[in-house]
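What Swiss-Prot lists as region 'Disordered' is 1-54. Annotation source Swiss-Prot lists compositional bias 'Basic and acidic residues' at 1-10. Sequence annotations record features per position, and here Swiss-Prot assigns N-linked glycosylation site to N59. What Swiss-Prot lists as transmembrane segment is 84-104, 121-141, 151-171, 212-232, 240-260, 285-305, 315-335, 352-372, 419-439, 445-465, 479-499, 555-575 (among others), and the listing cites sequence analysis.
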Amino acid sequence: MITESREHLQSKPQNSESIIRLDTPDDRPSLECDSLPSGGHSSKVSGGPASIEGKDVKNVSELETCATKAQTPHDEVPISTSKIIAVVGGLVLAVFCMSLDSTILSTAIPNIVSQFHSQNEMGWYVSAYSLTLASFSLAFGKIYTFYSTKTVFLITLSLFEAGSLICGAAPNSLALIIGRAIAGIGGTGMYLGALLLVAEILPFDKIPITTALLGAMYGIAAVVGPLLGGAFTDYATWRWCFYINLPMGGLTFLFVFFFVKRGKDKKRTREANNIVARFLELDPIGVALMIPTLVCLLLALEWGGATYSWHSWRLIVLYVVGGCCALGFVGVQIWRQDTATIPPRLLKNRNILGIILFSFCLNGSFVVLAYYLPIWFQSIKGVTAIKSGIMNLPLILTMIICSMICSTLVTKLGYYTPFLYLAPIIASTGAGLLSTMHVNSGSPVWIGFQALFGIGLGCGGTLSIVAAQTALPPEDISTGTAIVTFTQTLAAAVFNFVAQNVFQNQVLSGLAQSAPGVSAAKLTKAGPTMLREVVPADTLPAVLEVYNTAITRAFYVSVGGAALAIFGSIPLQWLSVKDRKTQAVTAHA
């Protein structure tokens, strides 16, 4: 808060020496500002409520100039345009690799199982990666809060590369699972670091379009992953599903290492006088409770009703352990307050609460369609897995194009809130129309409905990260970004679980009524692409109707998620990315 009015400031003599100081809590950074336009007088600036000493300030804009420099440490070390392009290109490659690892194994797993004779372990080839990807996201948010973004990013990139190398060279199933877990830990830190590096090296009004570019990698990987996995498996070896990460990750490492200057560790950590004190800054108790909480939750969602009964002792153990750890985690966060993994004060920020709800619902809505649309194409239209990926392109391409357009508009206009209002309205309409599809729906129907949902998703999918970063002061950006990315990952697990239960229950009840002679277990084992091979011709139409109904009922989950996302948009303030630096100063007033 500036303690003198504009009129009073302008009434000061313009030739006198002055000092401008923005006072802050002890753990906030400060710097000397000696480049005021009014005669080059020396000033001291630190972020926080302002007081003014001396006799000369030409106008308030001079104060804002100093404040801007204090609040944007990355502006102190400018990077050339060519280096920025190289670094952003490297970050895009890294995020693409991380996203690719979530989808590329879908067509390679049968060959891996055949080579390792590991039918009972194949579920862990996917789960080991997704579990660690979700479980460590908040922990890395805490680490990035205290340590150099460049340093932590390079470490997590190295972890991801090491995990990929272990997977590619795995002599047995256990080694592959361990490699996948290591890659997941590195991947979540690498993705978060990419978002934070973008926020550090770019002007804030250029961040939306770059974030959209990173987010587009998820959509591209969803389509390209199965195609690459199938190509590597058929024409080379499944091991190249992992080796492909090494050259791309290596290029990213070189760009970031040489072109991004290492920032200083945060002040609070620098003041810690020993290793133990630094370690305690990272909330180790909270992290130790959070990780088993998430692992228990995700395992329960994955195993429940599919691998084990909901009442089995394994699931009960997960409920008890997960519940106790969750209660302990909440207690630790309340106790540690500002040094917690999730500082409670952030959850009092209406923008953050809104973005959490918005991201959870909209991303969950997308995940359901991304999973069940290919099943609809394979089972109802009888196409191959690769062809179903191509038929899914209308959603992915419109999402990418609309995301880039909206991000460009945000860069020009400054405001992102209107797009976050539009996103759930358009997306829920598109998902609702997809839920009306039937067995004989033609290409104009499924292309148009997918495109409509893709437009809605593109309007708001990546802007949620930008909204969180705009609404938070610089010292909270890493934590806020981690919360949003964690929310998106958790949404994928929760919404898939709900949709899977809707789908399975509808298939069971539908077969019992329309095709009682067909075994649901037999259909599940065969998979959607083999539906016509295992079902007698005389009962195939009835089974297709059952499958179509089950899939479109699962789409209802997507409709509900997209519609609920509007309640996350409503609390958002109208903040501009163009005023981000000034808002960072006044946010503490």
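A Cβ is built for glycine as well, from the same backbone N, Cα and C atoms used for every other residue.
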Distant-in-sequence neighbours of the transmembrane segment (240-260), which means Cβ under 8 A and at least six residues beyond its ends: 79, 83, 86-87, 89-91, 93-94, 96-97, 100-101, 104-105, 108, 150, 153-154, 157-158, 160-161, 164-165, 167-168, 179, 183, 197, 201, 228-229, 232-233
Range from 121-141, 212-232, 315-335, 352-372, 419-439 with most C-beta pairs under 8 A to the transmembrane segment (555-575): 352-372
Same-chain residues at least 6 beyond the ends of the transmembrane segment (84-104) whose Cβ lies under 8 Å from its Cβ atoms: 129-130, 133, 157, 160, 164, 183, 187, 190-191, 194, 197-198, 201-202, 210, 213-214, 217-218, 220-222, 224-226, 228-229, 241-242, 244-245, 248-249, 251-256, 259-260
The transmembrane segment (419-439) versus listed stretches 285-305, 352-372, 479-499: most Cβ pairs under 8 Å: 352-372
Seg_contact(the transmembrane segment (352-372), the transmembrane segment (479-499)) with at least 3 CB pairs under 8 angstroms, min sep 6: yes
For the transmembrane segment (151-171), sequence-distant contacts whose Cβ falls under 8 Å of one of its Cβ atoms, 6 or more beyond its ends: 94, 97-98, 101, 140, 143-144, 178-190, 193-194, 196-197, 239-243, 245-246, 249-250, 252-253, 256-257, 262
Residue numbers, six or more beyond the limits of the transmembrane segment (479-499), whose CB comes under 8 Å of its CB atoms: 130, 133-134, 137-138, 140-142, 144-145, 188, 191-192, 195-196, 199, 294, 297-298, 301-302, 304, 341-343, 346, 352, 355-356, 359-361, 363-365, 367-368, 371-372, 464-465, 468-469, 471-472, 554, 557-558, 561
